[in-house]
């Protein structure tokens, strides 16, 4: 578009995994956009819809009442990277580049900009599509909260809420039966959900990917509690947590198991090891997709709305290739290429870790 | 005790698995008992405490504020059957009869009666202890709701609440991603939790032990929904559900797996089979002990309180070897021996099953 | 319609106040009706839509996903009694009979039957429209649970849930600050919400219309608790509760206040009187419409679904002028004229009242 | 205490109104303090206990399991300002200075420091007691979130949660009945609860003390929505909101009403004015103390725990007359005298206000 032209038609899409607050962002973008006289097109199923040419115009009635709804009215898709598109050719999956079709649809729809809501993957694709000439503004989305560029991401508070509520429930049944309860939560590389959820839910042991744990430290802590008359323990394990001893090696999404005990996920594994090595009755629960579903917490609804409104403001000001971000109490913007360069992992001396240790949480280590 | 004597000292214990509402029963027994001038002794960890002589006197302050708390302040134990007591002798577990010690403690504590809160197992033991001369009144407890003698048991509504809430969450994430979500819930022999939870949470397929399912019916239903544009399905599976084809044989607690796919529980198995046979993206969640924990629902708090009050009334009237039961809107009493003779299973023509089918739920069968 | 004819077209409407579960009934009717090949017309805003000729055809997509939603997708109206229709004539409201227009629309739409979901008022109107020749099946709806003809009505459990949750919240703040907290809940003539909500939420005093209370008994109970070291009390008051002493006279919806203290509702009044007469810090809260809103509890979703399915079954069997009802664990049907003759009030010797008294609740009376 | 001496004995107290998270702070202070070998004394009922010499030693078991509990195990008191102590002398209330007794008890208990958890009032008193020689560290507490010195205070997120949940409930009943629902929430001087709660709950009008409102703007917005087919509106009113026209003048806690309609609080007043001036059916609800009670949200549990741990760290480092504060993602400390000098009010151009306006919320003004 020419520099003097005003933005008139925008697209919006949601990429990657589900996350409470997506609909609140869509509403936060669409309502003010329509107020400004823009036309808004909802691109269906993330970048998949952009490649395949599937979109529908959004009106006020489409975004009315969706603030409190989980999921995304636009649908999402895990497969849709236009630059690495899996295509079945003669019974085999071949990876092809369909980014030109994405661009063609962008032009055919006469779009002046796209607001892309998504995580790391979505931002990488957005950067590349920007380089091809599309005007893109990003909205960060990850329940894992592992983006350095923003203090917090929406969806994380809702995931922590689900974990904390589950721990509250497990506490009562653990204390009645003198049990160890293991709960496996999300977090393949970053342990924020386990850390914050465990801190909020009063976990006794928290195991996260950033702090490889020693089995003995876990057993000792549980047994020590037992000896002190607290006949139950709650262990909160991130799915990417791993023991120091090499019985579990994760590389990318592949998990190599060297211990015959380990059949299911890490939660089941930890439960079995504790039962075997302490003699205490142990049970485990895998929260799974419960952490991604349901109505967003008020905190996430507010953050999502602010993100959406800020994104459309950037579009109107033609500040493209930017991503909205929370800094303190303010929404700011950062360059997309800066946003995607750093993953925010839990540091062993993070205040949340130290606070957890101060109230008695063990991280599967003797000292650090 | 002589017929003319008044009841003066009672014991109370909670046996078996955890169940929301146990504390409400304990409060419902203890408050009026103390008002009547009785002494109340809380026997710790179920029958284990009766055998081992562990109990503590309960005062008003002990039961104040526990109405809304999950778990049991008295503790429970799965092992404690006095007639089949596992004892380690020279490194081996031997089953011995320690019922005489139970009786000795009952007499040593000078108890006039015991109120035993528990399930089928607890009622069987109570009947046998009655035959030895103890005065026992039973309060039925099972989140499974599988007791013929009472319209409903406390804890079931709370378990159904947890399942329904989980299904609400899974709905949003399933519909955003066009997925099949499988959720495994409690119910080894009776499918009430899966049936009621699935009905309340809007499940599309419900698989229960009472209705052996056909794989093809499940695949067809899921595919049919897909073809009709509903690109998600929720499958609610009781842990004791089993396919007709013999790939899974359960006898008692042993599960024989004849299918190499089946590693974890039935939920994981069903998810894998659906993914393999329909080509749809499928995820599973195992709710586990979340269903037993947490604050009881108002419904369960009311039922538990009424059960507790009715039980102490039976004790005061010396109506022993009875169990309290709900019939319509009234609490009645039945003989313990009658209560334990029938398990209440889901009948294929139960109104709840027919209602579920009427709103489109498939039970893994083509017709019945 | 002729006896041999099959039912082909039905209408459905929701009358009276809001009630969690209405949408679940609409779904429970519509899904199986469409399955049977019927056409279903949603009549808008209760009988108002029948008189004014406003309705829309319902399809599967209209009732998909509404199970968990509060409110009614059909809208409701308080004014719409066709036989007593308020009409503005020359600036004045005149009451006219517009039942013939209702009948005309029924015939114009070619309806074979109407399913009317509503309370006492709706059932009275339904009876009269039946007498004019319409085929009507009723579904009882009252959060007050005051219908003799059915063990329970849907919506009541959800209202009790809201009250119980509020009491849980008030407990913590009352105990921190040594306060009396008064909460006013719904129930103009029947005290079931206050009774069940108060019992579930651990209220110390419950005041209901059926048991006129003595001020002194209330003050004494609160002061007695204070003396025993329990420095807080929770008082749960039904909006229709009234003192014996005649300071408040309610006749129909008119409230005559003879006490200058009484400005707002009964909750505010009770709070002021307690503060004045005991010297204790007292606060009050009026729950109001929170009790009617929000997602129905699982219990209500199940009951509503069963009611809806049973209602359409009655229609298909041409069992008209009937109302569905819960008896024990079964849904049965009763004649509408029988259903409306008796209001179910709390009896002073109801088991719930006696259980509440047994756990220490005071009903504002010394003895009864 | 001499500079070289280590801190050995500390007191902890909670002042002012109730606030979810108080117990989490107490736990966050006590657990690490005991770990460090300190003795911890819980001073009862805020400064009242300090003046009257009431305290009890806290052990690990006292703070075990209180993380998720609302209220404060130490009790609180609104009256307890040692410098302005209301005392009954010959039937009249006289204000006396009892700060010397506070100091005497501090010394008698041999305390090295006090951690005072409270709001503005508590910090003012803490400053003055500091000047008398006590070592005090403050923890800010206000559900109103109106402290300039910290990005956020604990309890606010929980209050917003309650408001948002209530608005979700009111939405369903408002939309079924075509009503205006007015909800009055806390906030006498600062409108953060109404703003954030209204934003999260999807309010259509938000009225706060910082933006005096025009009646006409409110009526117009509600009528405009009605004309556009949205036949319901939700109005979220802070208790300190006031109209520009002078029908309500608040000075301190006194409210002067010049309008005969206004009987109860502002919520009732606004509801009556809207009903009268728009002809629309209108209802109101006053949330009251529900906003202060109940289990803290996970967000508040985490913030409270961090605040507690940071406070005890300041004490151990002898950094007295400081208050802990949140800045971005970090807990820092500020001087108490700096903390109390500025109240944080909503600015009309705050991002949250602008975001709310962008999604269609009206603040009772035509333009600003």
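Glycine too: its Cβ is placed from the backbone N, Cα and C atoms.
No curator has checked TrEMBL annotations; they are predicted automatically.
Sequence annotations record features per position, and here TrEMBL assigns domain 'Phosphofructokinase' to C:9-314. Sequence annotations record features per position, and here TrEMBL assigns ATP binding site to C:17, C:79, C:80, C:119, C:120, C:121, C:122. As annotated by TrEMBL, Mg(2+) binding site applies to C:120. Residues annotated as site 'Important for substrate specificity' in TrEMBL: C:121. The annotation substrate binding site is assigned in TrEMBL to C:142, C:143, C:144, C:179, C:186, C:187, C:188, C:239, C:283, C:289, C:290, C:291, C:292. Taken from TrEMBL, the feature active site, proton acceptor covers C:144.
Computed over the domain 'Phosphofructokinase' (C:9-314), the whole-number mean pLDDT of the model equals 92. With a cut-off of 8 Å between CB atoms and residues at least 6 apart in sequence, the same chain places C:162, C:166 near residue C:290 (substrate binding site), listed in sequence order. Residue C:186 (substrate binding site) falls within neither a helix nor a strand when secondary structure is assigned with DSSP, and so counts as coil. In this structure, the C-alpha atom of residue C:186 (substrate binding site) lies 16 angstrom from that of residue C:120 (ATP binding site). Candidate binding-site residues: C:144, C:283, C:292. Nearest to residue C:119 (ATP binding site) by Cα distance: C:144.
Between residue C:120 (ATP binding site) and residue C:188 (substrate binding site), the C-alpha separation comes to 14 Å. Neighbour counts were taken as the number of other C-beta atoms within 10 angstroms of each residue's C-beta; across the binding-site residues C:17, C:80, C:121, the minimum falls on C:121.
Residue C:142 (substrate binding site) has C:17 as its nearest neighbour among the binding-site residues C:17, C:80, C:121, C:122, going by CA to CA distance. Look at the Cβ of each of the binding-site residues C:122, C:142 and count the other Cβ atoms within 10 Å; the largest number goes with C:122. Note: the CA-CA distance between residue C:17 (ATP binding site) and residue C:292 (substrate binding site) rounds to 8 Å. For residue C:188 (substrate binding site), the nearest of the binding-site residues C:80, C:121, C:122 in terms of C-alpha separation is C:121. Across C:142, C:143, C:144, C:179, C:186, C:187, C:188, C:239, C:283, C:289, C:290, C:291, C:292, which the record gives as binding substrate, the greatest C-alpha separation is 33 Å. Counting other Cβ atoms within 10 Å of each Cβ, the lowest count among the binding-site residues C:188, C:283, C:292 belongs to C:188.
Distance noted between the C-alpha atoms of residue C:283 (substrate binding site) and residue C:121 (ATP binding site) is 35 Å. DSSP gives residue C:121 (ATP binding site) a helix state. Those binding-site residues from the list C:80, C:120, C:121, C:186, C:290, C:292 that have a Cβ under 8 Å from chain D Cβ atoms: C:290, C:292. Cβ neighbour counts within 10 Å, taken over all protein chains shown, single out C:144 as the most crowded of the binding-site residues C:120, C:144. Residue C:292 (substrate binding site) sits 20 Å from residue C:80 (ATP binding site), taking the C-alpha atoms as the reference points. Geometry remark: residue C:121 (ATP binding site) versus residue C:144 (substrate binding site), CA distance 14 Å. Between the alpha carbons (Cα) of residue C:122 (ATP binding site) and residue C:144 (substrate binding site) lies a span of roughly 15 Å. Each residue contributes its Cα atom, and for residue C:144 (substrate binding site) and residue C:80 (ATP binding site) those atoms are 21 Å apart.
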